[in-house]
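These come from TrEMBL:
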- B:9-30: transmembrane segment (TRANSMEM)
- B:36-58: transmembrane segment (TRANSMEM)
- B:65-84: transmembrane segment (TRANSMEM)
- B:90-110: transmembrane segment (TRANSMEM)
- B:117-135: transmembrane segment (TRANSMEM)
- B:155-173: transmembrane segment (TRANSMEM)
- B:203-228: transmembrane segment (TRANSMEM)
- B:240-265: transmembrane segment (TRANSMEM)
- B:277-296: transmembrane segment (TRANSMEM)
Amino acid sequence: MTANTPLLKVDKAGIRFGGLKAVSEVNLELQKGELVGLIGPNGAGKTTFFNLLTGVYVPTEGSISLDGEKLNGFAPYKITKKGISRTFQNIRLFSDLTVLDNVKIAYHSLAKHSIISSIFRLPSHFAGEREMEEKAIEFLKIFKLDNVLYEQAKNLPYGQQRRLEIARALAANPKLLLLDEPAAGMNPQETDELMNLIALIRERFDLTILLIEHDMNLVMGVCERIYVLDHGQLIADGTPEEIRNNPKVIEAYLGEEVS
Amino acid sequence: MKSSKHAKGFWLSIVLAVIFSIVMQFLISGGTLNPFYVNTLFSIGINIILAVSLHLIIGITGQFSIGHAGFLAVGAYMSAIVTMKLALPFPVAILAAGMAAAVAGLVIGIPTLRLRGDYLAIATLGFGEIMRIVFLNIDYVGGASGMTVTHLTTWPWVIACVLMTIIVIVNFTNSTHGRACLSIRENEIAADAMGINTTYYKVMAFVIGAFFAGVAGALHAHNFYIIQPGNFGFLKSFDILILVVIGGLGSMSGSVFAAILLTIISTYLSNYPELRMVIYSLVLVVMMLFRPQGLMGTKEITAFLKMGKSAKGGSHDDGKHTTA
Ligand SMILES: Nc1ncnc2c1ncn2[C@@H]1O[C@H](COP(=O)(O)OP(=O)(O)O)[C@@H](O)[C@H]1O
Ligand SMILES: [Mg+2]
């Protein structure tokens, strides 16, 4: 692995569902530490692209590699262990479980105690569980969720649910964090807080982030580079300034407003 | 701090259970309990094992498996072969029964647990029926007329197996492994995305559940003098399923209560089998109308005992369950 190996390299990746090419020939590279936006009108294929990256769908064309290692065909849980973690456009928390348990579950792959040790309550079980609990509580403090540790996830207000989902994704210890429209449904103040949070975690966890956002203005503010997807294809990529003035992008978004 | 409190409650219940078993043993050997009651007591124990083992699969892991009698059958026949054909001692038979059922669970679980909801239900239902038909056609185990089995099931064995089942399943559930199973019930896609090997944990829950159903099979076989394939049909699977549903999907204590309650009811109705099914169905309908979350919802008995104090979430009455 050389110094300039991109963290994520997507090479002509795509997927078709029957006749529909939901994502097609997408080339994308992320360098370590970047915060990059992925925008596009509704139905452009952004979420589907995340599903390709995380192994929910296996690409029917092209390849995806993380740190130079090919990920095609790995099960989603393996890809998470390799270092890609995500949030969902429609929040998917473990809603009947507590805030604390939601985060502990993300720590599961780090657990060293076996099923046998848990069943027989061996010392390694208690040590492992205690370590997980302490780590999770410590972690939730960063997200200001330590006052609702034993609350069921579904009882949290919307903004906190979004925050918990991000916390949970980060607990899985990713190199690359994928955020799928994290600001959807938020009011301007919540959106501001969210953007601050993203900046904070990026610093603190030495992360690379790919952010899907429907709202172009929001992405323009925080991202260094932006990719634009329309009808499953990349139509542009560049700095916010370049994207703002790109006629193809303007057309794609205008087209959406008209329809 | 919290976990030590849990541990205390856990050991307290074990001590209480041991005292209870010793008292019962005296009542049985002293003849205070007549054979009818003793038999009911054994049935309650066996049904608790079945309910708690299915609870792990359905209530915790959210896999709607409805062929649990298939594992019961494997355990019953395996144990009968061990004691009757191989003339080995009863404890060996119990262990062999659990192992055989666990292997069956592994073999069935790997392909079927890829299926979801209704498809999984149909596949496991099919498995139950297949086991029945297999035993029906093997002459070595007596075909349709079944196998005669000596009566070896005694109170110490019953209570020891009940306690072992409960301890293992409670300890499994209250660990990172149990949380992995719960995450599958809650949201399989998110569980996957959090690095949980969902297939592994589904199969694991299935195998552990099957093991204890097999143990129940050994106790069952050596309690009834004869086992026949007909004992292990769909209706038996339904009987077990109803315990978990009525108890409240996700509540182990609920499954235990339901097992006690329904075993007593059905013992008194055993002379009217048709009436029993009618009453069961009625109970189920009434339940669906007035308390769809089951007797206990997802709560455990401990949550009621320390009600109000340190409301440990994770269990709430109006919980919805992603079982399908
Ligand atoms: N599993 C699937 N089967 C068929 N079509 C799908 C599937 N998943 C996504 N699509 C289609 O792919 C297109 C892109 O959807 P999506 O990725 O959700 O868009 P976006 O997130 O950009 O709004 C849509 O037309 C959608 O209907
Ligand atoms: Mg989307």
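Quick reminder: no glycine exception, Cβ is built from N, Cα and C everywhere.
Note that this is a predicted model, so its numbers are computed, not measured.
Sequence-distant neighbours of the transmembrane segment (B:65-84) (same chain, 6+ residues past either end, Cβ-Cβ under 8 Å): 50, 53-54, 57-58, 90, 92-94, 96-101, 104-105, 108, 120-121, 124-132, 135, 140-141, 147-150, 152, 206, 209-210, 213-218, 220-222, 227, 229, 231-234, 236-241. With Cβ pairs under 8 Å as the measure, the transmembrane segment (B:203-228) is packed most heavily against B:90-110, out of B:9-30, B:90-110, B:117-135, B:240-265, B:277-296. Same-chain residues lying 6+ beyond the ends of the transmembrane segment (B:240-265) with a Cβ under 8 Å from its Cβ atoms: 40, 43-44, 47-48, 50-52, 54-55, 58-60, 66, 68-69, 72, 166, 169-170, 173, 185, 276, 279-280, 283-284, 287, 293-302, 315, 319, 321, 323.
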